[in-house]
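Trainee: Please find one structure pasted underneath; my questions will follow.
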Amino acid sequence: MSYPGQGGNTYGGGPPGGYGGYNQQDRYGGGGGNYGPPQGPPPGQYGGGYGGPGGGYGGSGGGYGPPQGPPPGQYGGSGGPGGYGPPQGPPPGQRGNYGPPQGPPGGQGGGGGGYGHPGMGNQAPPGQYGQPGPPGPHGNHNMPPQGNQAFGGTQGYHFQYSNCSGKKKALLIGCNYIGSKNALRGCINDVHNLQRYLVQRAGYKPDDMVILTDDQRDQRSIPTKQNILQACQWLVKGAQPNDSLVFHFSGHGGQEKDVDGDEDDGYDECIYPVDFQRAGSIIDDVLHDILVKSLPPGCRLTALFDSCHSGTALDLPYVYSTKGILKEPNLAKEAGQGLLGAVSSYARGDIGGALSSIMGTVKQATTGSGANQRAKQTKTAPCDAISISGCKDSQTSADAMEGGTATGAMSFAFIEVMTRDPNQSYLSLLNNMREVLRGKYSQKPQLSASHPTDVNLKFIM
């Protein structure tokens, strides 16, 4: 099978190459079949991959064997986390009607650079980052409060922050779409750079990571739709309060017509696995069902998306401005009741006024309050999930060159800011990432959360 696509070096803007007729209906399934060996370096695993002869996903983090054939339209055949049934098919006329992705900003895309650093195996990577710089101008930030955080009065909504003191697991995915005319250069590098950062700076172990990149020869380590979905299930399996999970995707992203009415703009955001032409994309609803709804209160999920149209790629309903306030204050008036009212009550001091006006907003409802109401009622979650994405839902994300190495602009900015000064709040991290990108890229990183969040708290993972 050939790799997908035609076009330039941005991370998406619809299916790479604008292929029509690929299978969107198999939203939860894997897309099995024979996947030809990818081009790339000699055999070997990049960091705690899918383990050795035993076949399970790496390390002590799970017991999944080799991926099975695709289930009939569901997670493993009998419904996914939370008992979700088979999704509806796409509306007529919406299959792949997207043009090729736009080229990168002038002078920024593509060029040079191999795959960067080799895999780490079971050893910690060599030191690549300098010593942390002096503390930034943001001062010390408070750690998140512990225990159940109630909001909404009699409506009884609640969530729990994670202190990230439990088990740490990571799933890192990089799709360069090797061999296609629409190939990207920086996505595999993004994975290795983030893996190195997590091990050296954040206390993660290679044995507790699954790495999916399309330069590997082990078929279980290729970022196909089936492998990505099964690895997502590995990531959340056995999650406990105060655990810390990382999901990272670098590759092509796009938008598809929304079929369940939860999107304010009428489109679901999606990511494209390397076999998207046969197996279809993975939409935000599916990622949310697996990665967010299955987590217990107090379990942290940090999702990092370096792809086009990724602003709400995990479908988290509370979206933050760079000032940490409502982007669209009139949305509170639109809601009338439900979670937006609950959020307002929470902001007024249900837990001691910790949030003040530092609140997010449910995604803007341009198709009426119905989509807004549905999103806020079904997407708010008691776990501690946040998403940092490379750009707004309407933007493309650049495949960039930094220091002579191909990289995703968002991934570079995140590692740069956190390496320079790890003492960041959610708000300072968002603003400092935007500052790193300012003047070079038009994209604006986005921050969203599964519950109303005090964005002045210390960012931990």
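Note: Cβ is positioned from N, Cα and C throughout, glycine not excepted.
According to Swiss-Prot:
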{"type": "COMPBIAS", "residues": "1-21", "note": "compositional bias 'Gly residues'"}
{"type": "REGION", "residues": "1-154", "note": "region 'Disordered'"}
{"type": "COMPBIAS", "residues": "45-66", "note": "compositional bias 'Gly residues'"}
{"type": "COMPBIAS", "residues": "74-86", "note": "compositional bias 'Gly residues'"}
{"type": "COMPBIAS", "residues": "105-119", "note": "compositional bias 'Gly residues'"}
{"type": "COMPBIAS", "residues": "121-131", "note": "compositional bias 'Low complexity'"}
{"type": "COMPBIAS", "residues": "138-148", "note": "compositional bias 'Low complexity'"}
{"type": "ACT_SITE", "residues": "His252", "note": "active site"}
{"type": "ACT_SITE", "residues": "Cys308", "note": "active site"}
Trainee: What residues elsewhere in the chain lie close to the compositional bias 'Low complexity' (138-148), defined as a C-beta under 8 angstroms and at least 6 residues from its ends?
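Mentor: 158-163, 297, 351, 354, 384, 421, 423-425, 428, 454, 456-460.
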Trainee: What number of additional C-beta atoms lies within 10 angstroms of the C-beta atom of His252 (active site)?
Mentor: 34
Trainee: Work out, from DSSP, the number of helix, strand and coil residues along the compositional bias 'Low complexity' (138-148).
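Mentor: Secondary-structure breakdown of the compositional bias 'Low complexity' (138-148): 0 helix, 1 strand, 10 coil.
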